[in-house]
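These notes are about the structure you will find just below.
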Amino acid sequence: MVLVVDYGSQYSRLITRRIRENEVYSEVVFPDDKVDLSKVDAVILSGGPRSVYEEDAPKLPEWFQEYKGPVLAICYGMQLIVKELGGEVRRGRGEYGRTLVELSRDPIFEGIPEKVHVWMSHGDEVVRLPEGFHPIAVSETGVIAAATDGKRFWLLQFHPEVHHTEYGDRMISNFLFNVCKLEKNWKIGDLVEEKIRHIKETIGNKKAILALSGGVDSSVAAVLVHRAIGKNLVCVFVDHGLLRKNEREEVERVFKEHFDMNLVVVDARKRFLEKLRGVTDPEKKRKIIGEEFIRVFEEEAKKHDVEFLVQGTIYSDVIESAASGKTTAKIKSHHNVGGLPEKMNLKLVEPLRDLFKDEVRKVGKYLGIPDRIINRHPFPGPGLAVRVLGEVTEEKLEILREADYIFIETLRKHDYYDKVWQAFAVLLPIKSVGVKGDARAYEYVVALRAVNSVEGMTADWSRIPHDILDEAARRITREVKGVGRVVYDITSKPPATIEWE
Ligand SMILES: Nc1ncnc2c1ncn2[C@@H]1O[C@H](COP(=O)(O)OP(=O)(O)OP(=O)(O)O)[C@@H](O)[C@H]1O
Ligand SMILES: O=c1[nH]c(=O)c2[nH+]cn([C@@H]3O[C@H](COP(=O)(O)O)[C@@H](O)[C@H]3O)c2[nH]1
Ligand SMILES: NC(=O)CC[C@H](N)C(=O)O
Ligand SMILES: [Mg+2]
């Protein structure tokens, strides 16, 4: 078993899933958890938001003294090992996102070219290594990007667990098999059958409602729970007035075509929009939406005499809401996790809570769900409310719906929809000056965003051909009333997030 010690990194669970991908079992613990060392074959220390030289920064676990096996320490983990073993860490200039590093020969870099782009996310840096350590990678700005003592410790300043680190998966498998000499003995089918068994046990002969959005996660959750409890499942789709153009009709149609399950559609447009009126703070908006969702589900639950609510929550929702541990920083409250009200009458069942998007897609494939559902772009539960920046009004929603529709349609027309992970339009809360038909115009700005990602935890902006962007921009400024300017977002995550709020 590989033990991952979670120092609050956004990517801690990504480390475990990378290990699962290698068919090796892995568990996550917090630094002050008790651990049975007899089961542990390797230890990985994650990154984290704190700085090691802060007084109350999280320390090495107590059991670490006794542990004598191999250690892979990432980012904060690296800085912690360096400091504890007598080296030095200082505030640096910081490296964020794609960074070029030069690698030396080492078992952990076997089969990897000398120069690779890795994903960084740190402000502190190692300025002096402890005795017995030597650098095995240096970044383009001269920062020590990796080091080892050649015996037990491998330290990486960058994140091998994120998709955008080239050969990151190879570094992890090198660590598992080259350094630690572990064996493969774990599979995804095991996981699905285990989940179905667990849902049967939890819900038993009782009824449950499932929050269905028509998206990937809730559709997979629906099929999974349906396998476990059959007709006792009622799916509830909420139209909160923050949906995209034609979305409600589309979801109903696809659902009826592919699934033999009960579906209730609730028209809650008025109540959501009323609650959101005048609210501009992104976190407030998210909390309001999270709470309102639950109130709607509670009302439906009463009608059907139900005590369980199934949600398609996945791990990235949990981690960004900072619901995974004490040290993790809150990035944003996902409506279905951090946005939940404190008091609620329903018991939550979230079978996908520990999985990442692409793992959910694999589970969906294993369950026989059609590709066109599985390959849909993600759409956030708070919907267009987090894409109309600032106050949400009917007028702005309508503008955004049209702009978004045109962008997506243009991508589809050029066979580009499946080439990006997620694409959408954002309506900015500002107007800008333009000239239309020789007259001055003063109209809204729309930002287009398209990203490539695997699990949404990191992302890079998609290099969509300029001609496609050009076509979308022309159509939007021509056809959508009130929009005078279109821009394309070229920021990666980090430092930005995928959504703008
Ligand atoms: N309009 C909605 N009606 C009912 N439930 C919803 C709605 N929107 C979101 N949810 C619930 O919130 C959960 C999280 O939403 P999220 O958008 O992350 O997942 P999804 O819609 O299932 O998949 P995707 O990420 O592909 O859009 C959903 O799985 C679902 O349970
Ligand atoms: O169901 C959801 N409820 C939310 O509150 C929420 N916020 C962001 N997202 C989606 O999550 C992925 C990562 O988004 P960010 O980079 O913006 O955090 C992207 O795919 C986002 O669309 C949400 N999904
Ligand atoms: N991602 C990390 O682990 C960052 C570590 C530390 N907070 C830094 O900024 O350097
Ligand atoms: Mg969704």
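Cβ atoms here come from the backbone N, Cα and C positions, even for glycine.
Some features that Swiss-Prot has for this protein:
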- CYS75: active site, nucleophile (ACT_SITE)
- HIS159: active site (ACT_SITE)
- GLU161: active site (ACT_SITE)
- SER213, GLY214, GLY215, VAL216, ASP217, SER218, SER219: ATP binding site (BINDING)
- 1-185: domain 'Glutamine amidotransferase type-1' (DOMAIN)
- 186-376: domain 'GMPS ATP-PPase' (DOMAIN)
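The record gives SER213, GLY214, GLY215, VAL216, ASP217, SER218, SER219 for ATP. Within 8 Å of the mean position of their Cβ atoms, the other Cβ atoms in that chain belong to LEU212, VAL220, ALA221, GLY312, ILE373, ARG376. Look at GLY214 (ATP binding site): DSSP puts it in coil.
The most densely surrounded of the binding-site residues SER213, ASP217, judged by C-beta neighbours within 10 angstroms, is ASP217. Cα of the residue listed as 'active site, nucleophile' to Cα of GLY214 (ATP binding site): a span of 37 Å. Counting in whole angstrom, GLY215 (ATP binding site) lies 26 from GLU161 (active site) by their C-alpha atoms.
Take the CB of CYS75 (active site, nucleophile) and look out to 10 A: across all protein chains shown you find 23 other CB atoms.
Spatially close to VAL216 (ATP binding site) yet at least six residues away along the chain are GLY312, LYS357, VAL360, ARG361, GLY364, ILE373, ILE374, ARG376, PRO378, judged by Cβ distances under 8 angstroms. Set side by side, the binding-site residues SER218, SER219 differ in how many other CB atoms lie within 10 angstroms of their CB, and the most is found at SER219. Neighbours of HIS159 (active site), defined as other CB atoms within 10 A of its CB across all chains, total 26.
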